[in-house]
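According to TrEMBL, the domain 'G-protein coupled receptors family 1 profile' annotation covers 45-294. Under the heading transmembrane segment, TrEMBL lists 29-52, 64-83, 95-122, 143-168, 203-230, 242-264, 276-296.
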């Protein structure tokens, strides 16, 4: 069966072709080496952060608990996209089944939404730590932390399921070629037949609910944090307090910037080259920011990492 399915009727083959980076010819091997290197660093760093936070008792605090679950969510998100992308780059395996595409969309959307909610929870954690430090232990109790994490994951799955059902209740015809390297909602929606106005509106509403609601809570949290920082009399005190939020803010800006550009636009504004560049940033680079920007710049995590490495080397001796 030819990879070009442009004239195949939707009922004759229940699948799609992920064109991905097929237009780049010989550069695909270079992309494979680059993305594989980034992916291995991302995977190793996030898994190591999870293990270190789990084993080091000094990191058994709400902030690091949320961080470990964010690393777990980012790891699951990349597992559903990047290995398939790497396979396409090196083996030319571009075909994906109808159910496989739906499953990839569900899991990638679910983990992406979960990341948004976890970042909002982490913003709330910073708000309590800075604005009500004396009540931090009582406010951020283990029960509340477990509830916030559970709600984040459950909400992510429900929104991911909603987006997937909206897309895959449509009929696909004429072309089965997805102008992307994974089954994301905008490029798959562009293949649907007939009037997709209601489906576009549904995806936009769900995206707005996920991005704007979670970003609203982050904004409110940081409004109170900023007010608290401005009341600190010394400049050094202001810098020290703000430094506890700088890494989280960096991840939030990159994450929400890329996600908003990808999912809060009408279908007519999609562009293959531009959208793939943003998608690579969102799927490959952003998950790497979590362990590097947020974790490895944190003194407590750095100390735990040093202890882990020293303990490993000493045990070998």
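Backbone N, Cα and C atoms are what each Cβ position is placed from, and that goes for glycine too.
Those TrEMBL annotations? Automatic predictions, nothing curated.
Keep in mind the model is a prediction, meaning the values are calculated, not measured.
Contact between the transmembrane segment (95-122) and the transmembrane segment (276-296) is not supported, since fewer than 3 Cβ pairs fall under 8 Å when only residues 6 or more apart in sequence are counted. Spatially, the transmembrane segment (276-296) is adjacent to the transmembrane segment (64-83); three or more Cβ-Cβ distances between them are under 8 Å for residues at least 6 apart in sequence.
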